[in-house]
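This report concerns only the one structure given below.
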Amino acid sequence: MKKVLSGIQPSGKLTLGNYIGALRNFVKLQHEHLCNFMVVDLHAITVPQDPAALREQSEQVAALFVAAGIDPAKANVYLQSHVLQHAQLGWILTTLTAMGELERMTQFKDKSAGKESVGAGLFVYPSLMAADILVYNADLVPVGDDQKQHLELTRDLAGRFNSRFGEYFTIPEPYIPEVGARIMSLDDASKKMSKSNPNPGSYISLLDSPADIRKKISRATTDSGSEVRFDRENKPEVSNLISIYSQCAEIPVAEVERLYEGKMYGAFKKDLAEVVVGLIEPLQQRYREIRETGEIFDILKQGAERASEMAEQTLSDVQRMMGFITK
Ligand code: TYM
């Protein structure tokens, strides 16, 4: 049994990209491993958040975890801010991180580009993420492709700690799906599908109505050809839609190509919309039930209690190894 940790930011609605790249793998991994899945509210505030919106979105994302199939009896579901050791180890790891390493992070470069004032939290974001992972000595971290660089830094920090203070941290491995690790925007296949894109037509939210999902998919950009063929280089938009189909229907890419041989884009998109709606509708039904009962607050409380126990052990070990006088 391995230890698994991952997190998702409560910054806006979760997209089909989050689901395919991360959330569905959380659900798969819970059956065989010791899993911790959290809503990373401390990371969300590295950019300004409206307090009421942050609260609503944190509850929303936690409820979506459960609606997507995470069983709170199998995996811990909680809020990052409820397990204080994340921030404490985050500070410690910040002191082991070089400015140059943080300056090289593409996510930091993207999020700070063109801004007059950039919060220091955004800069040290990756050290906190490393703490999220290392505080449980996680072996596996299920994430999409865009988190690879943060994972590399986490591995470097774990190694650095081990060589300076003694072997302690496990060097974590990313768990990145082969297909679907980078779902692209529906209007521009050179950008990843993102909840922060100002054009809602560019992404599918897990809470979009079936009518909106159908409309968005029918309007998704395609090339001027007609072949439903996977070719990332020459047909990036169609390839993205094929990836989505393959992941949502759980069939290989080659099988999708075979199904639509000789068929037009219109027919393919129509079926794709039904595949996505078929996946999302039952999830939304469960989501509504969970929100109505208010059960998520108990789930979060229990998840945080269990996670804190593991995290406290690591934090006190680390503090002792570094020369802190522990309680
Ligand atoms: P976040 O909230 O941006 O995204 C959550 C997860 O969804 C994946 N993802 C995608 N996968 C495929 N295609 C896409 N278009 C797409 N967009 C997002 C992300 O790769 C991610 O796995 N820094 C993290 C949150 C975090 C974390 C952690 C993750 C904080 N601490 C510790 C793992 C371990 C983030 O901003 O993810």
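The backbone N, Cα and C atoms fix where each Cβ goes, and this holds for glycine too.
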For the motif ''KMSKS' region' entry in TrEMBL, name the matching range from 142-146, 162-166, 192-196, 282-286.
192-196
Tell me which of 10-18, 217-225, 298-306 corresponds to the motif ''HIGH' region' entry in TrEMBL.
10-18
Chain-internal residues, separated by at least six, CB under 8 A from Asp132 (L-tryptophan binding site):
Leu5, Gly7, Met38, Val40, Gln80, His86, Gly90
Can you tell me the three-state DSSP label for Ile183 (ATP binding site)?
coil
Reported in the order helix, strand, coil, what are the DSSP residue counts of the motif ''HIGH' region' (10-18)?
3 helix, 1 strand, 5 coil
To see if you understand the setup: which same-chain residues, six or more apart in sequence, place their Cβ under 8 Å from that of Ser11 (ATP binding site)?
Ala44, Val47, Gln49, Gln57, Lys195, Ser196
Contacting binding-site residues for ligand 1, chosen from Gln9, Asn18, Asp132, Ile183, Lys195 when the Cβ sits under 6 angstroms of any of its atoms:
Gln9, Asn18, Asp132, Ile183
Return the average pLDDT for the motif ''KMSKS' region' (192-196) as a whole number.
92
